[in-house]
Amino acid sequence: MQQTPLFKNHYFHQLPEFYTALQPKPLHGARLLYHSEGLAAELGLSSDWFTPEQDAVWSGERLLPGMEPLAQVYSGHQFGMWAGQLGDGRGILLGEQQLADGRSMDWHLKGAGLTPYSRMGDGRAVLRSVIREFLASEAMHHLGIPTTRALTIVTSTHPVQREQEEKGAMLMRVAESHVRFGHFEHFYYRREPEKVRQLVEYVIARHWPQWENDERRYELWFGDVVERTARLITHWQAVGFSHGVMNTDNMSILGLTIDYGPYGFLDAYQPNFICNHSDHRGRYAFDNQPAVGLWNLHRLAQALSGLMDTDTLERALARYEPALMQHYGTLMRAKLGLFTASAEDNDVLVGLLRLMQQEGSDYTHTFRLLADSEKQASRAPLRDEFIDRAAFDSWFATYRQRLMQEEQGDEERRRLMNTTNPKFILRNYLAQMAIERAENDDISVLARLHQALCQPFDEQPDKNDLAALPPEWGKHLEISCSS
């Protein structure tokens, strides 16, 4: 029997001045193209919800009982400059689903039409960008990285003009919250400190209830936001993910990866990799992400300055770098197969990264192959991947010495490495192949790629082609903010 999800909309009822209520605007010829069975199961949705009879639900044409749709208002700093009012320009929060375990999940329909915050946009999304966000959300989740999720992809016959005419599409994004740093900035710059306080009290009550009645709740909460942000970015750095548009309106208060635009996973290891071809100065380059995270937290701290004194805010911000270094160290030691911490670990890591940079080695492939090394072997299978064999041999000798300090054997170390270093990541060329087929109503590549990304650490030998290094045409794909 098909059970209707239960919606109870806290944001709608508790923060009436933080949004505009409005209805989604359906696309012509909208139909469900694909969905995440795994997420559907987590949400308690049976397969009956994903039949053609339910297309109107996923396209926003038919609201479920209890839904109260709204577009959120927020502001933000974009590329380091204050951009003023922004808000949901094409997304509508349909409602908050109440799950059996007590959690609440936003259903947010992206591409749902014009809102009061659309500015110069048309309120629409195209199939290309929707598929990219769907795949990235699923990939990041199964890599163990905090992220918003993606439930459904809707395609249509609705033409949308970008650099060329494309198919209009919609994505149902699911997350525990869509509150961003920019929500707080919006009311700070409007000189409405009571609204900032109201929002802080709301997010603490909803997501940090353990501190709701604590006199130090603001400090405890902000300190946790700082640490969540640090942990998120260390995950990005460890897996080789570049977000591309780390504006403050794209920063989740829960420390989730949100707003997948011109993102990219590293192919060749390039610390200064820029995935967004609109980022001419490299503000959001891969190796600059940790610094930008802290810069964004300073902007949030400024917005909270009416609630906490400078010393309290600075104390919380000071937790960022230690948290960043601690979590990065833990993740990178696991990538190297190290169970314990040692003074020379950083030298071992930096030595490998330097070699990879010099040779343009593939980031994911190199770490995955490293697991096949053995303590007692003077040479590793990975050696053949390097041109400068002497340099690799020198590094590998140092690495072997470090492994000798570990009690665990090769098999245990290999298990650690192969559950830390993925075999499958979402390379741009793979996403492009899925997009091109899907634009012609063939979802076979999309489905197969999605399946691989749901088990990124497993061997899946029948999908070895999806773990291949990018072909020449796939090495330099340019991705912009156009979506």
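Glycine too: its Cβ is placed from the backbone N, Cα and C atoms.
Summary of the site annotation: Swiss-Prot records ATP binding at Gly87, Gly89, Arg90, Lys110, Asp122, Gly123, Arg173, Arg180. Screening the candidates Asp224, Asp259, Asp267, Asp279 against this entry identifies Asp259 as the one listed for that site. A gap of 19 Å separates the Cα atoms of Asp122 (ATP binding site) and Asp249 (active site, proton acceptor). In this view, Gly87 (ATP binding site) is surrounded by 23 other Cβ atoms within 10 Å of its Cβ, with every protein chain counted. Between the C-alpha atoms of Arg173 (ATP binding site) and Asp249 (active site, proton acceptor), the distance comes to 17 Å. Neighbour counts of Cβ atoms within 10 Å were compared for the binding-site residues Arg90, Arg173, and the top value is held by Arg173. Asp249 (active site, proton acceptor) sits 14 Å from Arg90 (ATP binding site), taking the Cα positions as reference. Spatially close to Asp259 (ATP binding site) yet at least six residues away along the chain are Val245, Asn250, judged by Cβ distances under 8 angstroms. Neighbour density at the Cβ, taken as the number of other Cβ atoms within 10 Å, is lowest among the recorded positions Asp122, Asp249, Asn250 for Asp122.
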